[in-house]
Amino acid sequence: MDDDTAVLVIDNGSGMCKAGFAGDDAPQAVFPSIVGRPRHQGMMEGMHQKESYVGKEAQSKRGMLTLKYPMEHGIITNWDDMEKIWHHTFYNELRVAPEEHPILLTEAPLNPKANREKMTQIMFETFNTPAMYVAIQAVLSLYTSGRTTGIVMDSGDGFTHTVPIYEGNALPHATLRLDLAGRELTDYLMKILTERGYRFTTTAEQEIVRDIKEKLCYVALDSEQEMAMAASSSSVEKSYELPDGQVITIGNERFRCPEALFQPCFLGMESCGIHKTTFNSIVKSDVDIRKDLYTNTVLSGGTTMYPGIAHRMQKEITALAPSIMKIKIIAPPKRKYSVWVGGSILASLSTFQQMWISKQEYDESGPSIVHRKCF
């Protein structure tokens, strides 16, 4: 395919949108999935105030805006804002006319049917795309790791899923979801930093805490041992400079924050941690494929980027699994973008070309065509 008919691959995350062209090895555009609106009329006088700002522009003007994420827990909840994000993706980030390109979108596992239909409808009716497809995020991550069978623990900003996949097909009966991911960890870090005497409350300050989390947090192999070490020495302490120049010190919060992934009770949640959820997904799968799942446990998404997370998963799952079972955790270095990369790979395959939903098929069958063609 030449660039004129290049396929667009858009991975809409709850926190970040990743977009680019199929065949590339990384997304061209990565920006926050946020829409900001001025807090007060006329507040931004002389700046040719717009009624809304998207992505990085919204982030840079965050002090004057109220920021909203149109996706919650991986599901689109505000369609008007989502359209603004897609519009921004096409016209400002990729600088393409969507009516000239097939578009591959990604979706959360167990995405409600109505949600998939609405995505399909907007692509064909609002953006007039010639063809589109919706792929499950975890399956794309598995492709990126060069596998078609395995279990993906995909954790982004909005949710965490454990998805067993056999020969390219996600197994919905064994797919589990945890409404605990990056955003909850950011909120938790805000809370425990407040206990240290630092105040973070606004949506703008939430973005600062997210940055602290991404730069300084890590997963301890043994959190109790780490707590004892943090209490007796300053070896885990790090400093961070806030935008106003104030420097703050952060200690055991560095590992207490992501520890909530393994102990959701830290957040007052009754659910199992990511290790137990992964194990439960494997046990819900057919007994004949469990061995393949244990040896092909793939981490994916920004919330799996903490240093130490793979070792800890290895330790925890080994403790849960039958003792004879070999456990292998795969943590690809660029796993933050592995969903997007999987989309880029899939859309480039010659065998995939007959999978597209064409405009003609859409016109004949309506939005429900998505359930027949994308599964």
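Including glycine, each Cβ sits where the backbone N, Cα and C put it.
What Swiss-Prot records as N6-methyllysine, among LYS84, LYS118, LYS291, LYS359, is residue LYS84.
Take the CB of LYS84 (N6-methyllysine) and look out to 10 A: across all protein chains shown you find 17 other CB atoms.
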